[in-house]
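Beneath this line is the structure, given in structure tokens, with notes to follow.
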Amino acid sequence: MISNVLKRASVLARSNGIQSAFYTTTAKTEASSSPQMKIKTAEKKDHFVNFQVYRYNEETTAKPYIQTYNINLKDCGPMVLDALLLIKNNIDPTLSFRRSCREGICGSCAMNLNGSNTLACTKKITDCLSGDTVKVYPLPHMHVVRDLIPDLSHFYTQHKSIKPWLEPAVDVPRYNGKEILQSKENRHKLDGLYECILCACCSTSCPSYWWSEGGDGGYLGPAVLLQAYRWIADSRDSIQKDRLAILSEDQMKVYKCHTIMNCTAVCPKGLNPGKSIANIKYLLAHN
């Protein structure tokens, strides 16, 4: 019955000189494909920018140096990572840096751009220009493997020390193919925590972390402490006391935070590690 009604409506529309949506769409498509109907797009203008890039290779040079590349923004995409890829692919294949997702998810391309830590894949070139120059450095106060690649080994060791995984209660079946459920309220407590991508922008912008001693002790830094609180706050976890005990073994792991808040200022995901550290301090004082 419905199909008959549609057919009658179509016949009536044509008899009244009204085109159906199909014919209208077809006509528009044919018109747009016509050479006379093509829309002219504005051509990109030349815009040259100097990229001053930190270079270091312990195999070929004893000291780091700055190398300048003159790039026409007309030839690359809008992000700093686009310019670095242009340099590597077309100008200097020896330039080394990390990159992967190109959409602010993996954290691989974290670096220091004009004095501020951020992700090269989400930072527009025009947003970090100083005159006609962009200064590109590796994350500060880290050993440099090569060029823009920092050594994050110690950072990952610290992250491992907080047991960054879920430890459910013993009586919760682990391998029955079902989720460990939690209420909406408890799930909401993880907002602003689980989004951390461990890019290390916050930790390497923190003076307290710069002054921290290496090895197993010392200040854990904002990124690792935010991750620590992420698991402490998870209602599905059963070892909150153990996690707090790990953090209280050495007071400097947490209390070396002096609320400078560089961490919150530079986080490319808009998170607040300083708040997480304050919450940990509160729990340590009341447990």
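Placement of Cβ uses the backbone N, Cα and C atoms for every residue, glycine included.
Model, not experiment: these values are computed from the prediction.
According to Swiss-Prot, the feature transit peptide maps to 1-23.
Residues annotated as domain '2Fe-2S ferredoxin-type' in Swiss-Prot, with sequence analysis given as evidence: 51-140. For the domain '2Fe-2S ferredoxin-type' (51-140), the DSSP-based tally of helix, strand and coil residues reads 19 helix, 29 strand, 42 coil.
Per Swiss-Prot, [2Fe-2S] cluster binding site is recorded for C101, C106, C109, C121. Neighbours of C109 ([2Fe-2S] cluster binding site), defined as other CB atoms within 10 A of its CB across all chains, total 24.
As annotated by Swiss-Prot, domain '4Fe-4S ferredoxin-type' applies to 186-216. A Cβ distance under 8 Å defines the sequence-distant neighbours of the domain '4Fe-4S ferredoxin-type' (186-216), meaning residues of its chain 6+ beyond its ends; these are 104-108, 110, 116-119, 139-142, 150, 152, 154-155, 157, 159, 161, 222-224, 226-227, 229-230, 233-235, 252, 256-258, 260, 262-269, 271-273, 275-276.
Here Swiss-Prot flags C196, C199, C202, C267 as [4Fe-4S] cluster binding site, drawing on similarity to another entry. Using a 10 Å Cβ-Cβ cutoff, C196 ([4Fe-4S] cluster binding site) registers 20 neighbours.
Residue density at C206 ([3Fe-4S] cluster binding site): 26 other Cβ atoms are found within 10 A of its Cβ, drawing on all protein chains shown. According to Swiss-Prot, the feature [3Fe-4S] cluster binding site maps to C206, C257, C263.
The Cβ of W211 (ubiquinone binding site) lies under 8 Å from the Cβ of Y219, each of which sits 6+ residues away along the same chain. The ubiquinone binding site annotation in Swiss-Prot covers W211 and is backed by similarity to another entry.
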Check: same-chain CB within 8 A of [2Fe-2S] cluster site center, minus C101, C106, C109, C121: L81, R99, S100, R102, E103, G104, I105, G107, S108, L119, A120
Largest tally of Cβ atoms lying within 10 Å of a Cβ, found at which of the binding-site residues C101, C199, C263: C263
Close in space, distant in sequence - C121 ([2Fe-2S] cluster binding site), Cβ under 8 Å, 6 or more apart: M79, V80, L81, R99, C101, R102, E103, G104, C109
Additional residues surrounding [3Fe-4S] cluster, by Cβ distance to the C206, C257, C263 centre under 8 Å: C202, S203, S205, S208, Y209, G221, P222, L225, H258, T259, I260, M261, N262, P273, G274, I277
Residue among binding-site residues C106, C257 with least C-beta crowding, 10 angstrom cut-off: C106
Candidates C106, C257, C263 (binding-site residues) with Cα within 10 Å of C202 ([4Fe-4S] cluster binding site): C263
